[in-house]
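Participant: Marked as disulfide bond by Swiss-Prot on the basis of experimental evidence: 125-188, 227-283. The feature region 'Alpha-1' is assigned by Swiss-Prot to 25-114. If you look up Swiss-Prot, you'll see 115-206 marked as region 'Alpha-2'. Taken from Swiss-Prot, the feature region 'Alpha-3' applies to 207-298. If you look up Swiss-Prot, you'll see 340-362 marked as region 'Disordered'. Residues or ranges marked as signal peptide by Swiss-Prot on the basis of experimental evidence: 1-24. Annotation comment: Swiss-Prot describes 332-362 as topological domain 'Cytoplasmic'. Taken from Swiss-Prot, the feature transmembrane segment applies to 310-331.
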């Protein structure tokens with residue numbers, strides 16, 4: 001099972017990627033599945049994508065030349081042919097289920113079959129620090145909007161509208177919740193254990209964040225301080241701004257944790273402060289890759305005058321060091337020659353240069 005993602009999948013992605021991980025737990029597995037009907041074509045396009053700890057590890061696309069489940073993470077290549085054949089057959093079964101479901105939904109909503117319609121499913125499970133089931137998920141969306149979802153008790157359903165009530169009644173009569181509950185509590189957990197074991201070098205690693213604060217002028221005597229955390233893994237991280245030691249939860253702008261594209265994540269949090277009061281504000285960074293939380297302030301660059309003074313001092317010190325070295329060398333030569341000038345032989349090929357210099361009189 002799995003998913004793709006045109007813009008309509010953002011609804012499910014936001015819900016599914018919200019839980020983050022620590023190495024002891026929790027860990028997560030998600031499958032996103034999307035079927036899109038196409039005018040003039042009997043079969044919808046079906047795409048399934050699997051994620052472990054927010055990392056893609058398998059994919060199926062019915063429009064591929066040879067539709068099969070394929071590995072999307074190096075550690076999945078250790079699975080044998082029987083695994084891929086079994087998962088491919090499951091995906092093809094799901095493809096047919098989605099085709100029938102799309103047709104039913106057209107009737108529920110009194111829609112024409114001539115347009116393009118989208119049905120999506122997100123399913124998966126989270127493990128706690130004891131590696132037991134923390135929560136199971138099963139959610140459906142139609143045309144990019146919530147349709148029906150299995151509640152956290154894994155026994156009851158929440159239907160989003162009148163059409164979804166039809167599906168809810170059918171599934172209650174057939175005992176669908178019991179079927180999904182058994183999968184989420186059993187097979188989902190067992191496979192997640194297996195994937196975490198196979199991919200432990202990648203999935204169970206810890207990369208500590210690299211953090212810094214940037215300064216952005218605003219109008220009316222204000223500036224924005226932005227605290228950045230880059231290159232961290234896993235995705236679970238906390239950034240907070242403090243004013244004189246007190247947290248500014250209400251006045252802080254915080255973006256969602258984002259993939260960096262290299263297997264790590266990035267995040268920032270900003271706060272607007274009065275110009276000249278920047279040093280009263282500190283950013284705190286909490287991540288399991290850090291031995292202790294980081295505390296950062298904005299570090300103003302040195303002024304031009306200070307910079308010139310530093311350069312001048314360094315220049316004087318450098319010149320003094322060179323002069324000292326020359327004097328020491330000359331004194332040593334004089335001691336070695338009894339106080340007389342040393343014999344300096346010209347380097348080969350330097351005769352003409354020496355003659356021309358000697359003939360240049362004032």
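For all residues, glycine too, the Cβ spot is worked out from N, Cα and C.
Map the listed features onto the structure and describe their local environment.
Facilitator: In the three-state DSSP scheme, residue 188 (disulfide bond) falls into the helix class. For residue 188 (disulfide bond), the same-chain residues lying six or more positions away in sequence with a CB closer than 8 A to its CB are 29, 123, 124, 125, 133, 136.
Mapped onto three states, the DSSP output places residue 283 (disulfide bond) in strand.
Residues of the region 'Alpha-1' (25-114) grouped by DSSP class, helix first, strand second and coil last, total 33 helix, 27 strand, 30 coil.
Mean pLDDT, taken over the region 'Alpha-2' (115-206), works out to 96 on the 0 to 100 scale.
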